[in-house]
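These notes are about the structure you will find just below.
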Amino acid sequence: LTSSDRTSFGRNYFNRPSAPEQESVEEAEERAEILADALAFKKLAVDYAHPEIGVTSSDPTSFGRNYFNRASAPEQESMEEAEQRAQILVDAAALKKLAVDYAHPEIGVTSSDPTSFGRNYYSRPSAPEQEDSEEAEERAQILADALAFKKLAVDYAHPEIGVASSDPTSFGRNYYSRPSAPEQEDSEEAEERAQILADALAFKKL
């Protein structure tokens, strides 16, 4: 607009003090480039995090081999098989926990629920008296000592019982058949001698 009237004037709408700040062409191009890069990075992140999403292309000349369906690819399990395997592992872990709880009752039950409570089976008022590990070890030691004493008593009271050993290197001299042992009479000779003494005593009485 051209005017020769020096009294005519006007304010520029775009350069007024209250006008919003305007970016230059270079700044606008740079901002558009940054947004395009961010969008490309987002697409790459989605493609990496979700390989199950197929690649869409409208170019009829583009083709490629599927990495997951190639001939040399390891066998893949389906979603149902993966869920079933996860469920089997969860069941196995639960069964293992139950087996451990059954085989080791001495392990206490841990719970963070303040409302859960129960009576201890082993420390109830009617429970039989339990012995601790020290008492059990002491009782086992006493029984072992008693068994050893019994064996010694039997060996002492019954010398006729032979000594049994599986060690081929163990040997010893028989006390009763040693060269310096007094002569032993057998049972028949002992009975005959007793009969003779009884007859002699009867004759003496007559």
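Every residue, even glycine, has its Cβ placed from backbone N, Cα and C.
All annotation found in TrEMBL is predicted automatically rather than curated by experts.
Feature region 'Disordered', per TrEMBL, maps to range 1-28 of the set 1-28, 57-84. For the region 'Disordered' (1-28), no residue of the chain approaches it from at least six positions outside its boundaries, judged by C-beta separation under 8 angstroms.
Tertiary proximity for the region 'Disordered' (162-193), restricted to same-chain residues at least six positions away from its ends with a CB under 8 Å from its CB atoms, involves no residues.
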